[in-house]
Structures are given as C-alpha cells and as structure tokens.
Amino acid sequence: MADTKLTPPAGGEKITIANGKLTVPDHPVIPYIEGDGTGPDIWNASVRVFDAVVAKTYGGKRKIHWMEVLAGEKAFNETGNWLPDDTVTACRDYLVSIKGPLTTPVGGGIRSLNVALRQMLDLYACVRPVRWFNGVPSPVKDPGKVDMTIYRENTEDIYAGIEFQQGTDDARKFAALIKEHFPDRYKKIRFPDSSGFGIKPVSKEGTERLVRAAILYAIDNDRDSVTLVHKGNIMKFTEGGFRDWGYALAHTEFGAVEIDGGPWSKFKNPKTGKEIIVKDAIADAFLQQILLRPSEYDVVATLNLNGDYLSDALAAQVGGIGIAPGGNINYVTGHAVFEATHGTAPKYAGLDKVNPGSVILSGEMMLRYMGWHEAADAIIAAMDKAIGQKQVTYDFARLMEGATEVKCSEFADRLIAAM
Ligand SMILES: NC(=O)C1=CN([C@@H]2O[C@H](COP(=O)(O)OP(=O)(O)OC[C@H]3O[C@@H](n4cnc5c(N)ncnc54)[C@H](OP(=O)(O)O)[C@@H]3O)[C@@H](O)[C@H]2O)C=CC1
Ligand SMILES: O=C(O)CCC(=O)C(=O)O
Ligand SMILES: [Mg+2]
C-alpha cells in the first residue's frame, strides 16, 4: 500500500493491525479532517479536550500526534480537489482517524464526501450510540430510558449513488432498458419521461457483516436485544432481504432459535449466559415505538437510509444532535473514521457557539476503539460533571432551567477543568 506524501508529525508511529487485533503505540499518529461550516470551531475545542485527557490520564506517557488531512471546502480551496488522494491514503495507512462534518449540496453538485470516504475505506458499520446524560434537556418525559446503539449499514442502499437525473441521456437510456427488459415494471412508473431514477442495492454479504457486528457488540457489551429495522413489507427484496438474512445469520452463526414459531429468535450470550433476543420491526412503527417504549430497544441493526433518519430522531430524544457521536468502522481491516452524527450547521460557522460534545464523544469512541479505556472513561465523567454544573452551549441552555450559556471553546474549558 502506498504511503501518503503528507509529512507525518515527528515522533509519532502508525497504529497497525495483525490477526484482527489493533496495536496502538503510545504515540500514535492520527489523521484529522477539520470539516466545513462549524467544523473548525468544534475541532479546535475538541482537540484540546483530547490532548488534555490523554496527558492527565497517562501522565505524559501517551500522546496523540495529530496530522491534518484535507477534505471539503478547505481542500478545494487549497488543492482544487474536494477529497485529495493523500487524505484517503492517510486514513487508510494510519487506520484510525477523526473528522468534522463536510457539506453536501442538495439536488446537484458534488456527491457526499462523507459517503465517499465510507465507501472508499469500506467502513461498513456506522456505529452511533445514543444515551442520555443526566440533566440534559429533552423533549420526552423519560429520556433516561433511551440507551440504544445503532448499527447502520454504511456502504449500500440508496447511498451507493446509482442515480439517473431526470431529462438526461442516462435517464432515458435507463428508462429504455427497463421498458425493454421489464415491461410490466416499466408500466408502473407513473410519469416515465419526467422521472429521475435511483437504485438501491442491498446484498446478503453486506447485510451479514453489519448484523454480525451488531450481534457481536451485543455479546461484548452484555446487551438484551438486537432489533433488525427495515421496511421489508414494501421493499421486499432489499429491506425484506435484510431482515431475512439477518435472522438467518443469527441462527447459523450464533445458534439463535425461534421463539413461539418465530421469526423472533433468541440465543445465550456465550460470555454471560444471559439471553439475547433477535427481533425485527418495520421502520415506521419503530419510529413511534422508540418514542413510546424506548426501554424495549437496545442494539439496532438497520439499513443505510433508515439508520440516517433514526440517528437524528434518537439523538433528539436525548437532548439533540449536539452530543450525538459516531464511528464508521470496518472490523475486519481495522479502518475507522470517527465523526459526529450532525452536519456542518452552517448558520453558526465561526461563531464559537455550537456544542462540541458530539465530536468530543466521537473521540471518546475512538479512544475506546484504540483500547485507551481510561481516557475514554475520563471524558464521560467530565461530560457528566460539566453538564451537571449547567454551564452549557446554546442548544442546551435554551431548554435548561437555570443554565448559563457558554461558548463552544468555553465548554471545552469546562470539560478540561472537570477532569
Ligand atoms: N457526516 C457529515 O459530515 C454530515 C454532513 N451533513 C451536511 O451538513 C450540511 C448541513 O446539514 P443540515 O441538514 O443543516 O444538518 P446539521 O446537522 O448541520 O444542522 C441541523 C441543526 O442541528 C443543530 N445542530 C447541528 N450541529 C449542532 C451542534 N454541534 N450543536 C448544537 N446544535 C447543532 C442545529 O439546530 P438549531 O438550528 O436548532 O440550533 C442545526 O441548525 C449539509 O450539507 C449536509 O449534507 C449532514 C449530516 C452529516
Ligand atoms: O454526507 C452527508 O452530507 C450527510 C450524511 C449524513 O447525514 C449522515 O451520515 O448521517
Ligand atoms: Mg444524517
């Protein structure tokens, strides 16, 4: 594999993987992408928290050597390329990286760089834990009942980007192809001449590796259930396939057996002996269930688009997207890019205003992924403490009684002080 032409920071070493196990040196090089919009505000606050927590936890023995790599507007302005090869190579070579949000225009323009990076590195699992921090304002009565981890398939579905724009030669060719080979289905297109088209590939292997990761997470973290969320009643061969392949994998690889005639199934956690239920839910019903009966759901395995919607909806239930973290992971190659669930929030760019919590908690996931559990735990403890002191960014302050609003950078200061 070619090394990046970027100059790595002196004194740092690469994280490596052998036989599926990461080796993390005490001084790892970690590439980061600052991000567009509010990305720089958030990154500047977050990196101070990461450096402080590692220094305080390990007394100077460990240190992250950050290496900036470019993507998005900054990359385009400096190199004329939205996602330079060097950036992808660095994320590939150094295995673990972290990024801020990148803008994707609606309707036309460039395709999502975020999605491109996930596809190029084959980061098939988008892992988004959703939990409530004591004191965070929430629109629901009992936000503490929400404790779920979303495993969103990250490389397939409508996000594969196979689309044909209305009125183009490609769209006409595609329509002609369906007309010739699938006349019955062509007849179902209400306005064929003025339609755009999108294709949704969902594969057995793609489903299996995602559902396997979700079940292994449930085993390792002693969770009660894995729910396969799909719209398989309507999209039978894609979303319905996801459900069927997911159950089949639970049976063949984890020894799950059907309960009361199925399809819900159960197996014993090989580590704890506790029962894990594998169940499924249709996506629209699931969205009302998570509001009404959140404690019945735990690990969620779902397709790309459902997972995108669900992540923001669940984040809102525990106080908003300002503290919703995530990681894009390939558990086989070890590649991982950590990033917030939210986007660039452009109206707040440069105001030092937004909540940096989502990137800070994405860093917490990254540290845990690296095996630096003590530092990760210290971030969670500091978060609890800082929020408890009610000195919070605008998003929480506007909903929290008796709170003092602090800037993005000041919230990082509070976290560091709370360590
Ligand atoms: N992974 C990525 O890089 C992602 C990129 N995007 C991209 O981001 C751009 C903007 O997307 P948009 O739909 O506006 O969604 P955003 O998530 O950027 O923002 C929507 C709203 O969420 C709230 N919000 C977002 N981030 C924070 C934060 N850190 N602290 C507090 N509140 C926050 C704000 O709410 P309020 O207005 O109530 O204050 C904001 O207006 C698009 O180009 C989109 O494609 C989107 C998602 C992920
Ligand atoms: O890539 C984008 O611009 C949006 C991605 C997104 O919303 C997500 O991954 O949750
Ligand atoms: Mg999203």
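A Cβ is built for glycine as well, from the same backbone N, Cα and C atoms used for every other residue.
Annotated domain 'Isopropylmalate dehydrogenase-like' per TrEMBL: 29-415, in sequence order. Restricting the average to the domain 'Isopropylmalate dehydrogenase-like' (29-415) gives a pLDDT of 97.
For LYS99 (N6-succinyllysine), applying a Cβ distance below 8 Å and a minimum sequence separation of six or more within one chain yields TYR32, ILE33, GLY35, ALA71, ASN114, LEU117, VAL337, PHE338, GLU339. In the three-state DSSP assignment, the secondary structure recorded for LYS99 (N6-succinyllysine) is strand. Sequence annotations record features per position, and here TrEMBL assigns N6-succinyllysine to LYS99.
DSSP assigns ARG398 (NADP(+) binding site) to coil, not to a helix or a strand. Look at TrEMBL and you will find THR103, HIS342, GLY343, THR344, ALA345, PRO346, LYS347, TYR348, ASN355, TYR394, ARG398 tagged as NADP(+) binding site.
Under the heading phosphoserine, TrEMBL lists SER112. Under DSSP, SER112 (phosphoserine) is assigned to coil, being neither helix nor strand in the three-state scheme.
Just so you know, the Cβ of SER112 (phosphoserine) picks up 15 other Cβ atoms within 10 Å once every protein chain is counted. Annotated D-threo-isocitrate binding site per TrEMBL: SER112, ASN114, ARG118, ARG128, ARG152, in sequence order.
Annotation source TrEMBL lists N6-acetyllysine at LYS141. Sequence-distant neighbours of LYS141 (N6-acetyllysine): no residue of the same chain at least 6 apart has a C-beta under 8 Å from its C-beta.
Sequence annotations record features per position, and here TrEMBL assigns site 'Critical for catalysis' to TYR159 (among others). Following the DSSP three-state reduction, the secondary structure of TYR159 (site 'Critical for catalysis') is helix.
For LYS231 (among others), the entry in TrEMBL reads site 'Critical for catalysis'. Within its own chain, LYS231 (site 'Critical for catalysis') has GLU239, ILE282, ALA283, ASP284, ASN306 as residues 6 or more apart in sequence whose C-beta sits under 8 angstroms from its own.
Residues annotated as Mg(2+) binding site in TrEMBL: ASP308. Sequence-distant contacts of ASP308 (Mg(2+) binding site), defined by Cβ-Cβ distance under 8 angstroms and a gap of at least six in the same chain, are ARG152.
Between the C-alpha atoms of ARG128 (D-threo-isocitrate binding site) and ARG398 (NADP(+) binding site), the distance comes to 25 Å. When the recorded positions SER112, ARG118, TYR159 are compared by Cα distance to GLY343 (NADP(+) binding site), the shortest distance belongs to SER112. Ranking the binding-site residues THR103, ASN114, ASN355 by how many Cβ atoms sit within 10 Å of each one's Cβ puts ASN355 at the top.
Here the Cα atom of TYR159 (site 'Critical for catalysis') is found 35 Å from that of ARG398 (NADP(+) binding site).
Residue environment of ARG152 (D-threo-isocitrate binding site) contains 28 other Cβ atoms, counted within 10 Å of its Cβ in all protein chains.
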